[in-house]
């Protein structure tokens, strides 16, 4: 059909409008003979349009289905109004700033920060094809990066647009995307440097203009280099068209480059620059707009400095840079005078420019640069003219001098800019391999102003070249598409701007003529224009202006531009006075000047800059040609700016031609910078200038509309009959549809996968489809109306018949009712009369009965009241008499108490007076050693007022204060030591027993406090008497002080001597202890080395020495050999004299058994020698203790500490006696000796208990005294000693201490006697042992004479083996001793920290003993053979076997093997190895094992990072090992579920709390790795399973073909299969239930976030049918959760389901009604969605054809308002993001999960091959 046939009644068209450019209208009647009558939609105005040419009919509007499309080329009608309207709808109604136009991305500046550039958006576009998601700058960047990877060819992104359109921001986001997806993990961090270059270039190259607050005043091309792995390996930058004139001039409303204002804002930080406020600087105050809303220049300055540092610009270079910038600003303020300021008034002076000698700005500029002020002042106002014979220096006039000054400033800024670009390139060049690159070109768009000068010419020239490249590329892509689809096509004619480029570049073109005129000595702008008019008139794109000869016109592709020739030559020359440059080169204070100016001499600099543009919209008062015109060229044959720019542009085009280009066209929507305001006139001009409409024209010239066969069939299957539909041949069905409705075959083409339509054909098909739908609707309506009318008629007929029947029935029923009523009336009268008679009778009878009842009740109640009153009187009398009796008893008791109190008070007062008299006795005070000092202190506190008057007591006051401080220090030490001692386990039982006594003492203290009040009253009465006595005591104090001073001096001398002697003794003891410790450590290391050493090859093991295989640490080297004996005591001839050869030759008796016997004997001897050494040390300790106790104690708490140490020593001796008993058992000691030792032990226990009781009494008294004093007197504790009470209490305390000393001495004497007897017994046993050894060796060396002899030998061997078992038990106890010794060392260190050295001295010489809490039970049971060995739950291993264990247990362990083992078996084995290191106290071995485990697990998981089984296996094992460390740590919080056996197996030495944290960190690392792995695997399943799977056929399209039975569906079933497999793995490896729940919650959150993000970026999913499909798919997932996670509880299932609420609410929003009445319900429904997400979905929502109405803007705005009100206004609230954070990870915790498995029951499976490496002990 023809196009004019579409202009029928109801057709919608576009008509031109003077302001809106285009407005919509509707055709009111069919088009006839050149007249078209339309009605404007906005004003309802009827307008008649005359059509002169039917080829230029008014543009038709697109169907509503196509409005708001993501791609403009998908529109059916491709023309200017359709493009403009589509952009406006997307921008204003949907807030969508990006739109595709074929390969071009149109970006409209919203003037608003949109949250669409976060990391989540980057990840959403990663891996997506262009067009799959909403248009975005990230989609273009992803397309470029994907082509770089796929095609291995260089790419480029060309960003263009006018100032304020957002070019810089678009380029910045593109680079940010490349930095995110191509980030390099190397140390260079090049992506960070690429991003850091942006604030630097913005600071020095961007400025505020009337159109943009951050306008780029230069163009740049950034190449981001990639290596062979497509990671960023470097970058480089080239710049173009720097606007240098902005440095010296700004138009009104504009400002200079940002860096100058940043420098002024930071002037306080750099006072040496001498900068003032920006308004006082000429180069900064011309625009009158120095501030930008929302921009902090000081903060921006700090960001710039930080970026410079990131790019490697040193501090000195930064200082030089800021110095040059400051010098430029000072140059601008140099005042040029027309008269000489030094000349005399009225004197004639030379005309020209002068500079004042006192000009401070010139002085500052010269001092900053380090140049001569005289020279710079001279060449700023003079110039040098070189003639043929001489050189003349002439003074410049003021205007020329100002131009020369400005030229120098521009020159310095231009060179600084070029140097900084070089520095950026140097920082971005890492030296790595550069395989490919992606270039980002950010350059000016086409410009046209009222006054266009040289810079507009260069900008438009560059845009002509870029437009030519763009047109050819678009044409090539269009033809490639046709070839790919194999359709017939004709060559498309497109606009070629090569003639315009020839006009500029030809030999007689504009640039050539400009350079020629510049070479002419007297060349001028007028001559240049004249040459253009003469030689370029033949070019079709050149025009002369109608008026004037100072301009010329060029017909560019976008518009005709008139250029003013003023300043063309000067700007093309870009000259600066060589004298000024030479003066600047002499700078001494700024090294950067020399670098800049030296680089300026280099040819073909990579950065090409242009002179700045002229003052826009401003006409200078003086002709530009006469301002800076020099006499001759100073640079000789230097290349002009035009030539430089042409060369650099050619190089750029060559680079772009070798890349695959991608285009971004930025549009500025309005000039007022109002958010989301679309000015159609401004936008259409930019669309024409940037080439978007040219793209549309090229597309419209071919086949712009393209439909996939499936989509076309789904949309237009209504246009063919049902019998013509062949679902097996969709292409044939589409051919039938098109052949039926489109008669012209040229209007469409069938491609391989698509149908191609000419412009307007899709709209025609839409019209035909709408007509058919309308016809079918009319037919349906006729049938429905017939049905409704017939149904109404039948209903009326039924109603009439029914009414008649009911009326006749009603009349008959009424007559029958009258007859029935008469008969009923007679019956009623009879019954009523009878009822009235009966009622009267019943009333009379009732009255009589009521009177009788009331009378009887009254009499009964009166009788009841009388009896109750009687009983109450009796009760009151009883209580009253009892009360009076009790009152009398209480009164008598109170009188008795008063009498007792008076008597007791009398006795107490008499006792008090006696004590006071005793305290006043001077003789008594002198007899006290320590009491004298305390008495003086007490007297001094009582005489407070008298001491102030008496100047002679001041030294004593200071000394008293010092003693107080010492006392407080001792109190603190006492409290600290008490706190440390309370924690010891062996004191717990004693403390519990003493709590009751402490409570009673507290009660007594309470009573004393009550009595204190009475004492205070008496004290106030006696106070006057005390003051009189104080005067007497003051006199006595003078004499006492003199004696006291002498005594103190003598005592100090004695104490110093004793202190020096004790210090020497202490030092010697410490040195000896250090030697002993060092020797002990050396022996311990030797023992460990020998025990870990492998046995000799000739050694053999028999059954009898099986128990010696365990690792035991002893103080004596054991003999493991059969041919020799190693012993500590080598002087014993009995063992050396044994003839081993005889036993060796005898074959009947094994030689190994005899060796075991002798080994046992050696062991017993060693223990005896150790016990003797311990006894000697104990004796020395006793002497030291007695010596300490004999001296007067300085602190009562010292006795308590010493008693505790005696208790420790008692338990040490008890342990030694137990060892002696064990040794005696093995050598058959007599029963009497054992009984005697038992009696001694009991006596020692009894003495120890007595000491403990005395200690507790002493402690309680001290505590009670302190608490009483503090509770009664508070801070005035000193008043308690006013009458000497403290001295009396101290004397009583001393008496108690003396009693304790006496009892302790008696106990020590008793202890010494028993020790001596024990020594004698030990010596006797040793002699008997040696004798038995001789006899035994002689007996064993002989052959058995008979069977009894042989039996005896065998019995001896058996007893020897069982003795070895006892020896092992002794070794275990020795190990416990050594472990407790470590604990004692720790306690000693703590005591040292608090300053208690006495305890350290006591413990220095102690030997390792068993801890008091350890119970050692060695029963005197008969010796029998041990049949079954008891395991300790440990694995012993050698340190050299550790790599093998880690390899077999971690590295080589496969999940299939692990499933056959006990869950968590590797963790149990590793923990049992740790227990062994704790058992043997091998801390380095423990650290090495933990390090090996950590490294082994990380190495294995890094190697198997893509395996779910490995991650689940080691996540479970690390948590099992962590829980084992908690369970067996000994902490009470983890021991609640332990068995007694498990509590015994807790770690004893090592505190592995730090390693628990390490294991927790490893578990978190594994957990996060597992989550990331699962998310990567689910990425490819989420969209097909949730968003695209269509199980409900017929909603959004035809049903998909059925999948083969063998292949799994790619829908929800596949996703559920993956989740079920994960659950199986987690169950198999016994991952904790709470952690499994966290994993599923995290995965389902990721599924929800990923699905919602895709939904928010895909318009094709936002419809009702898709919402129903997605909801159905989500229901599959919810069903799986309820079925498979039900074991975790309903609450946990609901918590997991809650993470799916956002996607569920989003699809519910798609299905919900969208009218204004549903606003509140919609807001309530979308509680888990943000307002931005809801508005985005509503904006993208596509109504279901004619069945739904479009979502109105009012509805969306109301939803947004309601949701914002619901969220509340919180300024600290984080800004809302459009996309969900799919990388958010919920916090995970590892709850404690104890294991019921017994460690001793864990066995090594053979499959691990660790039998010879690990030994279970």
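Keep in mind that glycine also has a Cβ here, set from the backbone N, Cα and C atoms.
Automated prediction, rather than curation, is the source of TrEMBL annotations.
Since this is a predicted model, take the numbers as computed values, not measurements.
Annotated range for coiled coil in TrEMBL, selecting from 991-1050, 1231-1290, 1411-1470, 1471-1530: 991-1050.
TrEMBL lists region 'Disordered' for one of the ranges 908-931, 932-955, 956-979, 1052-1075, namely 1052-1075. For the region 'Actin-binding' (649-671), residue counts in helix, strand and coil come to 9 helix, 8 strand, 6 coil, using DSSP. The sparsest Cβ neighbourhood within 10 Å, among the listed binding-site residues (161, 164), is found at 164.
On its own chain, residue 162 (ATP binding site) has 211, 444, 445, 446, 447, 666, 668, 686, 689 as residues at least 6 apart in sequence with a Cβ closer than 8 Å to its own Cβ. Counting other Cβ atoms within 10 Å of each Cβ, the lowest count among the binding-site residues 163, 168 belongs to 163. When pLDDT values are averaged over the coiled coil (922-949), the model yields 64.
Under a cutoff of 8 A between CB atoms, and with a sequence separation of 6+ in the same chain, the neighbours of residue 167 (ATP binding site) are 159, 160, 161, 216, 442, 443, 445, 666.
A simple way to gauge crowding: the CB of residue 166 (ATP binding site) has 24 other CB atoms within 10 angstroms, across all the protein chains here.
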